[in-house]
Each structure stands twice: as structure tokens, then as C-alpha cells.
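Swiss-Prot lists Ala39, Pro40, Thr41, Gly42, Ala43, Gly44, Lys45, Thr46 with the feature ATP binding site. Positions annotated as domain 'Helicase ATP-binding' by Swiss-Prot: 26-184. What Swiss-Prot lists as domain 'Helicase C-terminal' is 259-463, and the listing cites sequence analysis. As annotated by Swiss-Prot, motif 'DEVH box' applies to 132-135.
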Amino acid sequence: MTELAELDRFTAELPFSLDDFQQRACSALERGHGVLVCAPTGAGKTVVGEFAVHLALAAGSKCFYTTPLKALSNQKHTDLTARYGRDQIGLLTGDLSVNGNAPVVVMTTEVLRNMLYADSPALQGLSYVVMDEVHFLADRMRGPVWEEVILQLPDDVRVVSLSATVSNAEEFGGWIQTVRGDTTVVVDEHRPVPLWQHVLVGKRMFDLFDYRIGEAEGQPQVNRELLRHIAHRREADRMADWQPRRRGSGRPGFYRPPGRPEVIAKLDAEGLLPAITFVFSRAGCDAAVTQCLRSPLRLTSEEERARIAEVIDHRCGDLADSDLAVLGYYEWREGLLRGLAAHHAGMLPAFRHTVEELFTAGLVKAVFATETLALGINMPARTVVLERLVKFNGEQHMPLTPGEYTQLTGRAGRRGIDVEGHAVVIWHPEIEPSEVAGLASTRTFPLRSSFAPSYNMTINLVHRMGPQQAHRLLEQSFAQYQADRSVVGLVRGIERGNRILGEIAAELGGSDAPILEYARLRARVSELERAQARASRLQRRQAATDALAALRRGDIITITHGRRGGLAVVLESARDRDDPRPLVLTEHRWAGRISSADYSGTTPVGSMTLPKRVEHRQPRVRRDLASALRSAAAGLVIPAARRVSEAGGFHDPELESSREQLRRHPVHTSPGLEDQIRQAERYLRIERDNAQLERKVAAATNSLARTFDRFVGLLTEREFIDGPATDPVVTDDGRLLARIYSESDLLVAECLRTGAWEGLKPAELAGVVSAVVYETRGGDGQGAPFGADVPTPRLRQALTQTSRLSTTLRADEQAHRITPSREPDDGFVRVIYRWSRTGDLAAALAAADVNGSGSPLLAGDFVRWCRQVLDLLDQVRNAAPNPELRATAKRAIGDIRRGVVAVDAG
């Protein structure tokens with residue numbers, strides 16, 4: 001035995017020898033240090049976490065093993081239970097509690113954060129905390145929880161942080177060392193399974209690099225054969241452009257990337273399966289499987305198909321027969337039996353977990369996945385395929401970063417199974433091999449803190465430690481640590497700007513030169529002109545809104561903008577004066593609601609008599625009515641469309657005065673004015689940049705503490721906190737807020753304390769709770785205005801009250817210079833209401849598209865949002881001051897947790 005007796009015992013039980021980085025990290029841990037381990041996916045970081053479990057059990061103390069996802073917690077609980085036995089290992093994931101008093105408990109990070117704020121007795125005897133996937137602290141929504149835990153754990157707890165490879169590991173380790181004491185940073189960039197990079201051009205596979213050429217310099221060169229082939233391919237395309245083509249014929253020489261079945265067949269022939277193909281859209285993943293099913297592609301033997309069917313039946317046996325067709329079960333099953341599957345967050349969890357089990361077992365050979373698979377789920381492959389090097393980030397298509405490329409291709413190569421892993425990029429004419437080489441060669445994935453105070457965090461810190469200690473804690477965050485370091489670069493930027501300003505000023509005749517005065521005056525005129533144009537646009541929009549609200553049934557109007565331009569008749573007046581959207585039928589037979597974006601606000605050009613009921617969805621009715629509209633308008637004088645000037649009749653005395661000063665300025669008629677003005681404008685631009693940098697320096701210094709004080713100010717104003725700023729006290733309402741963990745925590749607390757959600761039936765409560773958790777996918781976070789399609793009047797009233805509370809809260813936030821909370825979103829209200837009432841999945845999913853948006857709700861999203869509603873309902877059940885509301889929340893939970901929502905709750 002050596003001095004590291006426990007490490008010797010631990011390794012003696014392992015079926016493999018420790019790698020060097022694992023040995024170093026475990027040795028540091030036994031010597032009493034905390035550790036930060038940064039290593040590639042699949043390198044074996046979790047061995048270090050498991051050694052912390054071993055040390056805790058050997059010492060008779062406790063270890064908490066935290067993960068960011070419930071699925072990961074379930075997986076780790078299964079692994080540890082198999083090794084140490086059911087009595088030694090517990091599981092806490094918010095909606096699941098198994099043996100919570102065990103010496104080793106696996107949990108989501110949020111559960112541990114909540115324990116810390118509640119001073120839970122379970123923290124007694126805690127010696128180790130393993131934080132798996134600690135790089136999640138960069139996540140905008142959930143990342144702050146990791147820092148809250150690291151900062152607030154008792155000093156004698158050793159933290160084991162396990163992270164993917166990040167380029168600023170030393171900075172991250174330096175921060176942990178500062179706040180946690182002795183911490184050993186272990187960085188290992190060596191992949192246990194070498195990764196080979198390839199490019200698939202048509203049906204030919206090329207190595208991306210020629211490693212023989214670059215070995216001497218240590219940096220491989222792009223494969224010349226690949227470059228030559230692509231050059232020939234592009235030349236063939238150019239020649240094809242010049243070829244005459246018969247009508248209707250294609251372009252025989254034009255390059256088309258291989259189809260998905262062809263790619264999978266090629267990988268199969270090359271012995272490169274199993275493979276994960278990353279497709280950056282859910283619909284694309286499903287379409288890929290459908291394309292493969294339409295081809296002769298089959299990747300499984302008869303024996304494998306029997307095993308696959310057994311797993312499917314075991315995993316999905318609890319699903320109701322009536323739901324199977326709605327879920328696309330039969331096509332999904334057929335894909336699995338042929339060794340093919342999609343994997344994305346829109347899938348039912350039971351389906352997704354079945355795919356993971358079958359792929360890990362080597363039974364499913366080709367998976368088409370979104371990038372979410374690269375985060376956390378243990379599902380390595382022999383090969384990773386990238387169809388594109390750009391992805392949609394919710395707003396626009398952006399190129400993959402080197403960090404994203406590394407994370408995605410990191411799935412290639414299964415330790416202990418594959419000798420090497422493979423990354424394949426599908427070539428398109430817009431892709432340059434050098435671009436792929438740059439992504440593959442760069443290891444830039446810096447960890448950036450997302451830490452920021454929330455209302456719940458603020459109230460808990462005030463309650464536990466008071467404002468002064470809270471300031472000190474916030475000043476120790478990784479966010480502040482990075483901000484303080486960034487100030488150095490900002491100050492250098494200011495100094496560089498000042499030097500350039502001095503040089504330009506010397507050229508122009510000093511910092512008070514007449515040309516600079518003239519340039520400032522010209523900039524002011526431009527600013528005032530822009531402000532006047534904005535005011536004019538707002539005035540026109542308001543005029544259009546007022547005119548829309550005044551329209552009555554039968555009015556004939558002219559739609560002035562957009563594709564629907566021309567005559568229209570009003571079928572139904574607007575319901576909402578604040579956002580009027582009357583229903584109209586155009587002369588081109590289109591029926592729908594228009595907004596101020598379609599209408600300039602001109603008065604109706606006439607009117608016509610309409611039938612009592614107009615079935616505008618029927619083509620025949622639309623045709624006849626459009627004909628009647630044209631006849632009614634035949635004798636009317638239709639005013640010609642005219643362009644409204646930007647100024648819109650506004651008169652701004654300051655603008656007129658500034659223009660006059662500009663014309664009279666001595667420099668105005670100087671020779672060579674434009675050359676001088678260019679330099680002067682450059683001076684003003686650098687001056688503005690410097691002012692912005694100075695504001696950033698001021699904001700970076702103690703920025704979190706100042707934000708915290710603004711939160712305290714707002715909470716004091718709303719009576720969640722009482723007393724002077726130096727000695728605040730949390731009120732009863734504040735204690736209510738302290739128990740709400742939600743992005744909309746303060747709004748929920750306001751709804752509970754004001755009684756906005758009282759008197760509701762269970763399905764109605766589920767509906768209004770969904771409005772504060774749901775966020776429309778790909779939208780602006782707001783659903784349609786609460787209208788007549790809300791299921792019940794009482795629910796509509798509760799939604800309206802919630803919306804009003806949100807509006808006043810957002811106004812207060814703006815007054816306190818706090819980023820406004822997002823508004824309620826009613827996009828899931830009808831869905832959850834119908835599910836709660838009926839348990840009918842088809843009816844619930846159909847309710848998602850009641851407004852005809854054409855964007856169906858996927859089953860996986862449905863389950864995910866149901867579970868978020870369940871989580872908040874559970875908090876309402878525990879925190880609401882009204883006993884009747886607590887009971888209603890409990891019944892609502894029972895109504896939601898059934899069918900597909902209850903199946904496979906991991």
C-alpha cells in the first residue's frame with residue numbers, strides 16, 4: 001500500500017488502469033484538495049467523480065453527485081447503484097425522491113441549490129460534491145445555479161468539478177481556487193480515441209488532412225487530392241452552366257450532394273457505422289429517417305430486429321393504443337427495426353430514451369440528431385457526420401464556431417470499442433476545405449459566466465446573510481472575476497483611443513477646432529432628423545391603429561401595404577382597441593385579419609351590405625363575396641396611393657435652429673470641407689467609442705452588487721422586503737417569494753399574494769400557470785392576446801389579471817433599471833387545459849394550432865412543457881397562502897400527470 005491507500009483500493013476494483021490525468025486528479029482528491037478536471041468527451045472524467053463517492057463511503061461521510069439533467073441523474077444513479085448497492089445510493093430530481101437520506105445522493109444541481117437556501121439538515125456530514133458537466137454554468141437560463149452552489153457550499157466541502165475541454169481552464173481553475181481554497185486543475189486535451197477528419201464529395205470520401213506533409217511542422221496540411229478534386233468539380237459545374245439545355249431538362253453536370261440514404265450506405269460499406277448525423281432542425285431529423293425508409297436501406301439482422309422489438313415493447317408498453325398513431329409510433333418503430341432513428345427534444349421522452357438505449361447497445365446504427373445530443377447524453381458513435389457548417393440560432397443562420405465543431409465531433413470514437421473515431425463533413429460548393437480545417441484545428445471554447453441576480457436569489461441572500469455579506473458573495477462570482485479581468489483590456493482600448501484622438505486633433509488644429517464644432521453640429525442635426533422620422537412613423541402607426549379600431553362591418557377599405565394590397569370589405573370589427581385586427585375579405589378572395597402594418601389609416605371608401613352569416617372559410621363564399629365587392633366598388637372613387645413624407649407635418653424648433661446654425665457656420669463654405677469633415681467625424685466616432693468603453697469599465701466594477709441593490713430596491717418598494725437598506729428584513733410575502741424557483745418568480749409570487757389565481761378549477765389553474773412558464777418556439781416570447789378562444793371566462797379573467805400584474809412589474813423594472821421580465825405567453829393555455837380536462841393527446845395537440853399558425857406542437861415539447869407546468873404547480877401547492885388554491889394545485893398535478901406525461905418520466 002502507498003500513502004494513497006484509498007486510491008489503491010479503488011483502482012484494484014477497476015477493470016482498467018487509470019490514465020495519467022485520472023491518476024493526478026484522484027491523487028489530489030485523496031490529499032484533501034478540490035479538483036477541476038477538463039477533458040474531452042469520452043475521456044473518462046467521471047472516474048474522478050466516482051472516486052469522490054468511494055472516499056465519502058470509506059470515511060463514513062456523504063457525497064452529493066450533481067448533474068444538469070434529470071436523464072443524466074437517472075443514468076448515474078443506475079451506474080452507482082449497480083456498483084455500491086441500493087442502500088448506499090439515493091436520487092433526488094425534483095419530481096422523484098429515492099432513498100434521499102443515503103450517504104451518496106445523485107441530484108440535479110437545482111435540488112442542491114434549494115437545499116443550501118433552506119439550510120437543509122441533509123447537508124450535515126457532507127464532505128464531497130461532484131459537479132458533473134460544470135461547463136453548464138455558461139448556460140444563460142440555468143448557469144447561475146452552478147455558481148450559487150460553488151459559492152455557498154460550506155468551506156470544508158471539497159468540490160470535484162468535471163468539465164468539457166475549455167480554452168480558459170486556468171482562468172476557471174484560478175477562480176475556483178480563490179473561492180474554494182486548495183484546488184488542483186487537471187487539463188487533458190488528449191482524446192482516448194484518435195479522431196480522423198474526412199470530407200465526403202459526392203460518392204468519394206477524402207481525408208481532410210495529409211498528415212505526412214505536416215508532421216515536421218506539427219500542423220497537418222489540407223489534403224491536396226481533396227483540393228484538386230473540388231477544383232475539378234467546380235470547373236465541371238462552370239462548364240455545365242454554359243451547356244444549352246432542352247426545356248424542362250436538368251443540369252447534368254451540376255453537383256448535387258449525396259442523399260441521406262446514400263451517405264449511410266457509404267458509411268456502412270466503409271465500416272464507419274454506428275454514426276450520428278447532426279441535422280440542425282427537428283423537422284430535418286424526421287425527414288432524414290423518412291427518406292431512408294423510402295429507400296432499400298436496412299442495417300439490421302433478423303436477430304437484431306427481434307432484440308429491438310423487445311426493447312421497444314418494454315419501453316413503450318405503457319403508452320395508450322389511442323395515442324400511438326398521434327405519436328407517429330408505427331413509422332418510428334419501423335425505422336428502429338431497420339437500424340434508423342431521429343433524436344431531438346421534440347420527441348416523446350420514451351421514444352428518445354429508447355433510441356439512446358438501442359444506439360448505445362449497437363442495435364440502431366444511424367441516428368439523425370439535433371445538436372442537443374452533444375450536450376451531456378452519453379451516446380458516443382464511431383462516426384459523426386455534419387451535413388452543414390451553419391446552423392440557425394433562432395434569429396439567423398450562423399457559421400459553426402470551433403468550439404461547437406469540437407463538441408459535435410467529440411461524439412466520434414467509443415472508448416474500449418473503436419480504435420479510432422471519424423468526423424465526416426458533407427461537401428457543398430460553398431464550403432472551402434480550409435474552412436473545415438480551421439474548425440477542426442482550433443481548440444477555442446472559452447467558458448463565460450452567465451451569473452446574474454434573480455428575485456429569488458436576492459430574497460434568499462437577504463434572508464440568509466444580509467446585504468453586506470451578499471455583496472461580498474456576489475463579488476466572488478466567476479462573472480465578477482471575469483469582469484474585473486476584462487477591465488484591463490478595456491482600459492488599454494481607452495488609452496489607444498486617446499492617443500489617436502490626440503493625433504487627429506493635432507491635424508485639425510486642436511480639440512476645440514472649428515471643424516470639430518461643425519461636425520458636432522452636423523451630427524446633432526442628423527440625430528434630430530432621425531428622431532423626427534421615428535416620431536412621424538409612430539404617429540402614422542397610431543393613426544392606422546385608431547382607424548382600424550373604428551372600422552365597422554361592411555366598410556370598404558383600401559389595403560395599402562403588403563401582398564394583400566387592394567380593395568377589401570370588413571367582415572368583422574376588431575375585438576381589441578389596443579391591437580385592432582379586423583377580419584376582412586380582399587378583392588383577390590383572401591380572408592384574414594389585418595393589422596396596422598397593412599393599413600395606412602385612410603377613411604373607408606364606401607360600404608356594402610353583407611349577409612347575416614359569412615362563412616369566409618368556404619372558397620365559394622369568398623368568390624361570390626369578392627365579386628360583390630368589385631361590383632360595389634365600381635362606382636366609387638378610389639384615392640390613389642400616396643407616399644407620406646417621413647416628417648409627417650412635424651415641426652421641431654430645435655431641428656430648424658440647428659439647421660440654421662449649420663448653414664451659417666464659418667466652416668460650411670470652406671474649400672476642402674469634405675476631406676476635413678471625414679477626419680472630424682472619425683474623431684467624434686472614436687470619442688463615442690471611448691465614452692462607451694468608459695461606461696463599460698464603470699459597469700464592470702462591482703456591477704453585480706449594484707444590480708443586486710436595484711433588485712433589493714424594487715422588492716422593498718413592493719413590500720417583499722422591509723426596513724432600511726442597511727438592515728433589511730424579509731416579510732411574509734418575501735418568504736413566499738423565497739420558495740418560488742422560476743424564471744418568472746416575482747410575477748408568480750405577485751399572483752399568489754394578490755389572489756389572481758384563486759377560485760379556479762384545476763384545468764384553469766394549469767392554464768394560467770402555463771402562461772408564465774411557456775415560451776413560443778421561435779417567437780418573441782408572447783402568444784396571441786388573450787381573446788375569445790380562451791376556454792372559460794374565469795380563466796380569461798385570471799390571464800388578464802396576470803398580464804396586468806406583469807405590465808406593472810415591467811414598468812417598475814424599467815424604473816429601477818432592471819432588465820424587464822418576459823411577458824406571459826398564452827400559447828400553451830388551450831393545450832394544457834384540454835389535456836387536463838380530457839387526457840386526450842390528439843385533442844390537446846390539435847389545440848396548439850387553434851390560430852392556424854401551421855406550427856404543430858411536437859409530442860416531446862408537449863411533455864416537456866407539461867412537466868415545467870407540473871414543477872411550478874408543485875411549488876404553488878407548497879407555497880400558496882390560500883389552502884383552497886393549494887388543494888386545486890394538487891388536483892391539477894394529478895390531472896396532468898397521466899398518459900404520455902407520466903410514461904418514462906426521466
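Keep in mind that glycine also has a Cβ here, set from the backbone N, Cα and C atoms.
Owing to the predicted nature of the structure, the values given are computational and were not obtained by experimental measurement.
Comparing the binding-site residues Thr41, Thr46 on other C-beta atoms within 10 angstroms of each C-beta gives the minimum for Thr46. Those residues of the chain, other than Ala39, Pro40, Thr41, Gly42, Ala43, Gly44, Lys45, Thr46, with a C-beta within 8 angstroms of the mean position of the ATP site C-beta atoms are Pro192. As a whole-number mean, the pLDDT of the domain 'Helicase ATP-binding' (26-184) in this prediction is 90. Helix, strand and coil counts from DSSP across the motif 'DEVH box' (132-135) read 2 helix, 0 strand, 2 coil. Secondary structure from DSSP puts Thr46 (ATP binding site) in a helix. Listed in sequence order, Asp19, Phe21, Asp188, His190, Arg191, Pro192, Arg415 are the same-chain residues six or more apart from Ala43 (ATP binding site) with CB atoms under 8 A from its CB. Through the fold, the motif 'DEVH box' (132-135) approaches residues 36, 45-46, 49, 65-68, 72, 76, 146, 161-164, 166, 375-376, 447 of its own chain, all at least 6 residues removed from its boundaries and within a Cβ separation under 8 Å. In the three-state DSSP reading, Thr41 (ATP binding site) counts as coil. Around the Cβ of Gly42 (ATP binding site), 20 further Cβ atoms fall within 10 Å across all displayed protein chains. Within the same chain, residues at least six positions away from Pro40 (ATP binding site) with a Cβ under 8 Å of its Cβ are Ala164, Thr165, Asp188, Glu189, His190, Arg191, Pro192, Gly410. Around Lys45 (ATP binding site), taking its Cβ as the centre, 24 other Cβ atoms fall within 10 Å, counting all chains.
Listed in sequence order, Asp19, Gln22, Pro192, Arg415 are the same-chain residues six or more apart from Gly44 (ATP binding site) with CB atoms under 8 A from its CB.
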